[in-house]
């Protein structure tokens, strides 16, 4: 499959990817759905209006205007049909409806550099899981010692909690340093800007049609319910979090901002990157999950993830951002399907556009941890920057960029990036 | 102030109340905003369409069609103006625009019995606090003993967590018994319908205009940001909750359903029912809160609350529901304004229609506790029902009704009720 556009051979945004996003342009500030192909955005609202694509089951209602929620709601048969049609339209040897019309080509393609990206969906609810065993072990070890690192429930269910939907922001949004209560060891709490501002490297997914309240999504149906994936940076204020989180969980330490990448990589694009994941049975000394969580086939996704840090001094010097961690989504113990089946097994309803994130993804080695809390081991091992600076946690002016790419047999599926710069507390 | 309608002298839905809700009728299934007056609903969408009311600052956009979000977003000056206009229109001695027109009267009023009520707003985010000292003490005593009942942070900040917005339902919605993991004392977890289904008696409020991400709502501005109040039943599965909640807080033990009363009592209607609340200073042995939480004036609301239980056998016998608890919103230690100031102090953005609930409201005596967990002290003191049955937690077929009314100097402000019936697990 070759695109009729001139793309580099190793592009991570070729016909095998085609991620969806919501964009606007200076000429047309309306929000509409696009797909990224190479360094261009293809306007699906334009194609829809001009009869070049139509989502089956949508009837006459426009699907690609505003947000992705309407398309997410249609379900996998529609997703597959639209994806197939787009691959055809963009192929060098496909139908020439788009390829053959200069008018359509000029109207439908916009260079990536000329678009503004927005949140891909109206997010009804945002849920954050805690599905990396190494991350849970690291945090548990720091706070409770190595013997009690994993809580008793951790290997039996995907631990998760409700996040804040209002403060999910698209990549590029500045992150205002949060203020809040911090508790010195032997003194009453004090109020001020967080001193322990951190990131969490996560993979998130958007829910498709969802389920009615009172019903559940079975583990076998879960895969077809997942529209696609984004990178997530779940910014965290460790000092605020530590004082507030017992007994009801993280709150103000998290809900000041969660950044996501603008391009939603379709589930179908990631199918070739499924890998087994750690066995959830006695063969690796793990308890077998209860039946509703037992997943057949390959459970994990092989997606290389990186954390890049650029301080203000580095930016001013023109020093490239430093890669401070290299992780991979395959390190997750609980899969997206298990997360979704668990979330709904009690009858909780998921809706199109709901966002669910994995929790911090940490590998087994120190250079693969997904948070500064772990990378600097609570600040005890500062990271040396090329600028001569060091970092325990984030300073004002620091810019963090998370990237993701799946790669196999010459095919590359890119996530692009989610980035944000820390600005001083107000 | 006397209404031109024929209302009983002791009505809890007179001109001093005028709660807002969203309703539809068999003739007109569109959702629209109404106010309850006595046993009638006044259609504000009709009044708006016919030029009898207009929300200042709304421009020409319709405000009273669909949900209350648009009206909530306008802010207190608009709320006050509309409320004043409605009181005038409904007064026996006010302008005769409505009173004097049989056409308008017939079109604008519908008997309460003939309307279907819906969720009053599209709820972007739902947050649940934990603001009753007695409730936190009771739960803490059961799980950690009386010496460590209150966590160290509890008197310094309004502990809260994110709930699930998708499963907030309007009064009258059946509650499907949730299934989930439960952990026997010395055996692996098992899966099945919850055996410890419970309620939580709470007071909730809807946020008005809200704040931008990165900004905060000050304690002095918080009161004008609160549109109005509803009763909340935060259904809880104690067995699911107990196994899952460490370390990230309640999740599936809560998110299967949260019921709210359909009528939003305006903040202005409750102003006369402000009372001091427990002193937050050394005079009562409490730590003084940090400055951003220090609230001047009366902090608490004197609203009598009741929990009614009707088993299936009682319903079949025609036995009236039994009042199993009599509590009061004035028992809350942290006020709605403190909750909102705390929630946003880190820059977290609140949006019009966000719902924030108080947490279970328990008084000091055993008959004023707001959950079966407390009323039966973990099931050790079953409640005797008039049918000869007993209850530790809820059985299938049980119907729970929460009611609320503020009463002073002959004025009564009713909340109506929030009710739900437990149906078997699917």
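Counting begins at 1 with the first residue displayed.
Note that Cβ sites are derived from N, Cα and C of the backbone, with glycine treated the same way.
Per TrEMBL, the features are:
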ACT_SITE  B:135  active site, proton acceptor
BINDING   B:128, B:200, B:202, B:234  Ca(2+) binding site
BINDING   B:130, B:144, B:241, B:245, B:360  substrate binding site
BINDING   B:234, B:254, B:258  Mg(2+) binding site
DOMAIN    B:17-120  domain 'Fumarylacetoacetase N-terminal'
DOMAIN    B:127-423  domain 'Fumarylacetoacetase-like C-terminal'
Binding-site residues near chain A, Cβ-Cβ under 8 Å, from B:130, B:200, B:202, B:245: B:130, B:245
Residue B:245 (substrate binding site) versus binding-site residues B:200, B:202, B:234, B:254, B:258 - nearest by Cα: B:254
Overall pLDDT of the domain 'Fumarylacetoacetase N-terminal' (B:17-120), taken as the mean: 96
Lowest local Cβ density (other Cβ within 10 Å) among binding-site residues: B:241, B:258: B:241
The domain 'Fumarylacetoacetase N-terminal' (B:17-120) - residue tally per DSSP class, helix then strand then coil: 37 helix, 25 strand, 42 coil
Between residue B:202 (Ca(2+) binding site) and residue B:360 (substrate binding site): CA-CA distance (Å): 5
Distance, residue B:234 (Ca(2+) binding site) to residue B:258 (Mg(2+) binding site) (CA atoms, angstrom): 5
Residue B:135 (active site, proton acceptor) and residue B:202 (Ca(2+) binding site), distance between Cα atoms, whole Å: 11
Cβ within 8 Å of the mean position of the Cβ atoms of B:234, B:254, B:258: remaining residues of the chain near Mg(2+): B:128, B:163, B:164, B:167, B:200, B:232, B:233, B:235, B:236, B:255, B:257, B:357
Distance from residue B:234 (Ca(2+) binding site) back to residue B:130 (substrate binding site), taken between C-alpha atoms, in Å: 12
Assigned element (helix, strand, coil) containing residue B:128 (Ca(2+) binding site), judged by DSSP: strand
Euclidean distance between Cα atoms of residue B:254 (Mg(2+) binding site) and residue B:128 (Ca(2+) binding site), Å: 10
Residue pair residue B:200 (Ca(2+) binding site), residue B:241 (substrate binding site) - Cα distance, angstrom, rounded: 13
